[in-house]
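One structure below.
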Amino acid sequence: MNGDFWQSFLMISDIYTVGFLILLCIFFGIIHYLYRKRKMDFSLVVLIGMGLGCILGILMQYMAGFPNDPMKITFIKETTNWLQLFGNGYIDLIKMIVVPLVIVSIAHVIVNMKSEQKMSRLVKKTILVTMSMVAVASIVGIAFGIFFNVGGDALTNVATEAKAKEVVSVATTLRGLIPGNLVDAMVKNNIIGMVIFGAFLGRAIWWIKADEPKVEEFMRKLVNGLHKALMNMALLILDYMPWAVIALLANTIAQKGLDSILSVVHFIFVLYLAIIAQFIIQLIALSINGINPIVYMKKSLALLILAFTSRSSVGCLPVTIETLTQKLGVNQATASFVAGFGTTAGMQGCAGIFPSLLIVYVCHLTGTTMDFSMIVMTIIVVTLGSLGIAGIPGTATMAASVGLSGVGMASSFSLIGPILAIDPLIDMARTMLNVSGSVTNALIIDKRLGNLDENIYNEINKN
């Protein structure tokens, strides 16, 4: 009974567990001193927290002898359980406000909008820019896969099982986004569904003005007040991010064995290179539209680190909207709509580069020729598929299923098992690119609509 208390209840039965938890507390104390006492810049403290998380995770792997299955080591299993309390618990706090924030933000946009024409232009430009950037991401993934011969020298006899998810048609998926049950849509984090509900709610309030102007004014003030309160809540939660990134990153590194990483290290290397290339393309796109990319990188650093460590585009949504409106000068309507749309559709990392690179990988493994027609088909399938996977859990796995099935290679899905086994390590960079894509898309769209507040954007102290 006593053993169960320490091993199963407290999960502190190993001396190494105690040691690493003490080290975690020391790291937390360092962050507290730098951020609260020394008043160090938020982005810099988050970066330091990321470094401390790497140190903690690697040290845990080292003390365990870099095992093939780290979760079989008692102290790693116990320590990561506590790390999840602080890391994943923080992400859950952010997710807690996602649903009300999306509904209220969209309603807030509509009730304060002067004309319907502005909303129509916003929707059209969002779809055009988002789909164009996904197509570019697909081209980048294909180009890097072919140039680096990804999969050409891979071992296929890794004992890892992987099953393709059932591919659902685009029309069926889009139909599923319409929230037939609001509570069910909230539970499933159907962000597009929340956007639809929020838009109808805002429009309904807007219509009251003609018959009951006083009622409309009351409702508008209520929506605006709720929006302000939820944004303040998002800022309050964001303030604890420097501590959370330590636990998030340490947990990810500690749970993955070295052998599982080495078996697909070439794929990881090429994927990260492709993501860096796409990030540079985003910066170039900003420059072409007259937006300073250096300012963007400086002001978005904390958000991108959160995306990298949390691996959740939806979880980052409140922080994404706050960064766009408060730091980058993006109009509230553009920020709420584009960021909400980008969490479940048109993701450049998970639904653009990743499935394209996987298709090249499988083509090389199976000896399939990656000719011009195959390249064009891949770009079309991946671009349309980025909408078809909207709102489905396991986005990257679904994108892989859609991509491989779309080019007629569904039977080869099991070959990507070794890659899916280390998915958290590559999901970090993919998610960062997803969020970066949403932010840069919003900046470009707002600039073209003539709504971007360049005084706020260029204000150097707003970081």
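From the backbone N, Cα and C atoms, a Cβ is placed for every residue, glycine too.
Pulled from TrEMBL:
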- 15-35: transmembrane segment (TRANSMEM)
- 42-64: transmembrane segment (TRANSMEM)
- 93-114: transmembrane segment (TRANSMEM)
- 126-148: transmembrane segment (TRANSMEM)
- 191-208: transmembrane segment (TRANSMEM)
- 229-249: transmembrane segment (TRANSMEM)
- 261-288: transmembrane segment (TRANSMEM)
- 300-321: transmembrane segment (TRANSMEM)
- 333-360: transmembrane segment (TRANSMEM)
- 372-392: transmembrane segment (TRANSMEM)
- 398-422: transmembrane segment (TRANSMEM)
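Sequence-distant contacts of the transmembrane segment (261-288) (same chain, six or more residues past either end, CB-CB distance under 8 Å): 133, 136-137, 140-141, 143-145, 148, 150-151, 153-155, 158, 296-297, 348-349, 352-354, 357, 361, 418-419, 422, 425-426, 429-430, 432-433, 436-437, 440, 443-444. Sequence-distant residue pairs (6 or more apart) of the transmembrane segment (191-208) and the transmembrane segment (93-114) include at least 3 whose Cβ atoms are under 8 Å, placing the two stretches in contact.
Note on the transmembrane segment (126-148): residues 266, 269-270, 273-274, 277-278, 281-282, 285, 337-338, 341-342, 345-349, 351-357, 359-361, 364, 370, 375, 378-379, 382-383, 386-387, 433, 437, 440-441, 444-445 of its chain, located 6 or more positions outside it, place their CB under 8 angstroms from a CB of the stretch. With a cut-off of 8 Å on Cβ pairs spaced 6 or more residues apart, the transmembrane segment (42-64) and the transmembrane segment (93-114) reach fewer than 3 such pairs and are scored as not touching. Under 8 Å from some Cβ of the transmembrane segment (300-321) lie the Cβ atoms of residues 42-43, 46-47, 50, 53, 87, 90-91, 94-95, 97-98, 101-102, 105, 189, 191, 230-231, 234, 237-238, 241, 244-245, 248-249, 252, 327-328, 335-336, 339-340, 342-344, 347, 350, 424, 427-429, 431-432, 434-436, 438-439, 463, all in the same chain and six or more residues away from its ends.
Residues 186, 189, 191, 194-195, 197-199, 201-203, 205-206, 219-220, 223-224, 226-227, 230-231, 233-234, 237, 240, 310, 312, 314-319, 321, 332-333, 336-337, 340 of the same chain, all 6+ positions outside the transmembrane segment (93-114), place their C-beta atoms under 8 angstroms from a C-beta of that stretch. If you look at the transmembrane segment (333-360), the same-chain residues 6 or more away from its ends with a CB under 8 A from one of its CBs are 102, 105-106, 108-109, 112-113, 118-119, 122-123, 126, 130-131, 133-142, 144-146, 150-151, 190-192, 194-195, 267, 270-271, 274-275, 278, 313-314, 317, 320-321, 324-325, 370, 378-379, 382-383, 385-387, 389-391, 395-396, 399-400, 402-404, 407, 409, 416, 419, 426-427, 429-439, 441-442, 445-446, 449, 451.
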